[in-house]
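Novice: Take a look at the following structure, please.
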Amino acid sequence: MGDWSFLGRLLENAQEHSTVIGKVWLTVLFIFRILVLGAAAEEVWGDEQSDFTCNTQQPGCENVCYDRAFPISHIRFWALQIIFVSTPTLIYLGHVLHIVRMEEKKKEREEELLRRDNPQHGRGREPMRTGSPRDPPLRDDRGKVRIAGALLRTYVFNIIFKTLFEVGFIAGQYFLYGFQLQPLYRCDRWPCPNTVDCFISRPTEKTIFVIFMLAVACASLVLNMLEIYHLGWKKLKQGVTNHFNPDASEVRHKPLDPLSEAANSGPPSVSIGLPPYYTHPACPTVQGKATGFPGAPLLPADFTVVTLNDAQGRGHPVKHCNGHHLTTEQNWASLGAEPQTPASKPSSAASSPHGRKGLTDSSGSSLEESALVVTPEGEQALATTVEMHSPPLVLLDPERSSKSSSGRARPGDLAI
């Protein structure tokens with residue numbers, strides 16, 4: 001047999017542009033077919049015709065019997081099988097080299113156009129792009145040719161034809177020789193005078209090689225089927241992804257803007273949801289009446305009027321405003337009727353129709369709290385009037401103040 005090194009180099013170049021399963025298939029082809037065929041099988045079948053003997057002296061009978069027993073030698077049959085199975089891969093390799101060469105020529109033309117341009121017109125000019133902006137790049141991140149588009153179709157046809165050739169050669173080997181060689185072969189072909197017995201050399205060893213090459217062919221067939229399934233499943237997932245997200249491929253192949261990358265590199269903003277805050281509008285009528293009540297005395301700076309809503313009140317906010325308005329009017333009326341003397345405060349607090357209770361703290365300021373007020377709408381409101389006075393003056397002489405505060409007459413007192 002001839003030298004397989006040239007075919008091996010070509011297939012090695014094709015291995016760089018194949019899938020993982022395709023690389024395994026090429027490894028099986030190299031080791032278990034080409035090497036075994038060149039190293040061992042040729043030695044076994046080297047003496048095939050010379051050792052094929054028949055029990056006849058008729059000239060030409062032995063040759064015609066050998067031709068019927070072996071229409072084609074096993075060695076040549078397997079060599080043809082390797083060549084036919086490798087041909088689709090070589091066609092795919094030619095397509096890859098053609099694409100790479102076209103890409104190189106396109107880059108050379110772009111560089112030549114840039115060199116021909118004048119410096120005024122050529123500065124800052126980008127290389128011309130002849131392809132569509134949506135076309136995927138020729139090479140992937142690792143610098144290998146991307147299997148996509150027309151190249152992917154060529155690769156699929158490559159696998160399909162390899163599978164068909166494998167099936168055809170397995171079937172041909174079965175119909176030509178079977179899977180086992182018998183040591184005795186009977187031949188009755190002309191010009192043999194009668195049925196003659198012919199004997200095959202090394203039948204057992206040849207049978208082992210036949211079974212081995214058949215097993216390798218079946219393994220290659222299984223690898224082809226797995227590769228078709230792998231590519232089909234990958235293409236199906238890609239189609240489903242593009243169907244549900246048609247802009248994914250555009251975003252994947254679209255170059256990113258450096259400014260957008262810098263803007264997006266910061267920490268993501270986090271929005272915290274807060275519970276809704278409801279505010280009840282202030283009643284304008286109450287505020288106006290409180291400040292401009294007719295006949296109301298001027299309030300000191302330390303006087304504060306606070307109106308509290310009852311937590312159990314229900315109804316429309318307008319009703320609350322009406323209740324607050326009536327309560328404020330009653331407070332101002334009672335405040336105007338009371339004399340502005342400290343002595344009358346306890347009596348006025350005790351005789352208040354609303355049951356006010358006077359509270360005095362340690363600092364001397366008085367606190368007055370009113371009871372619940374029932375509005376005409378049947379609602380309850382709590383009005384609290386707070387009077388805050390400045391603390392009493394501190395006496396400079398405690399003894400003098402105690403003497404003057406005593407009510408009994410002393411001998412040293414002057415009579416006026």
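Cβ atoms here come from the backbone N, Cα and C positions, even for glycine.
Not measured: the values here are computed from a predicted model.
Features from Swiss-Prot:
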type     : residues : note
COMPBIAS : 110-128  : compositional bias 'Basic and acidic residues'
DISULFID : C54-C198 : disulfide bond
DISULFID : C61-C192 : disulfide bond
DISULFID : C65-C187 : disulfide bond
INTRAMEM : 2-15     : intramembrane segment
REGION   : 110-141  : region 'Disordered'
REGION   : 336-416  : region 'Disordered'
TOPO_DOM : 16-19    : topological domain 'Cytoplasmic'
TOPO_DOM : 93-158   : topological domain 'Cytoplasmic'
TOPO_DOM : 229-416  : topological domain 'Cytoplasmic'
TRANSMEM : 20-40    : transmembrane segment
TRANSMEM : 72-92    : transmembrane segment
TRANSMEM : 159-179  : transmembrane segment
TRANSMEM : 208-228  : transmembrane segment
Novice: Tally the residues of the topological domain 'Cytoplasmic' (16-19) by DSSP class, grouping H, G and I as helix, E and B as strand, and everything else as coil.
Specialist: 0 helix, 0 strand, 4 coil
Novice: Return the stretch with the most CB pairs under 8 A relative to the transmembrane segment (72-92), choosing among 20-40, 159-179, 208-228.
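Specialist: Out of the listed stretches, 159-179 contacts the transmembrane segment (72-92) most.
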Novice: So how many other Cβ atoms are close to C61 (disulfide bond), meaning within 10 Å of its Cβ?
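Specialist: If we count other Cβ atoms within 10 Å of C61 (disulfide bond), we arrive at 22.
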Novice: In whole Å, how far does the CA atom of C54 (disulfide bond) lie from that of C187 (disulfide bond)?
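Specialist: About 9 Å separate the Cα atoms of these two residues.
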Novice: State the Cα to Cα distance, in Å, between C187 (disulfide bond) and C198 (disulfide bond), rounded to an integer.
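Specialist: About 7 Å separates the two Cα atoms.
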Novice: Can you count the other CB atoms that lie within 10 A of the CB of C65 (disulfide bond)?
Specialist: 23
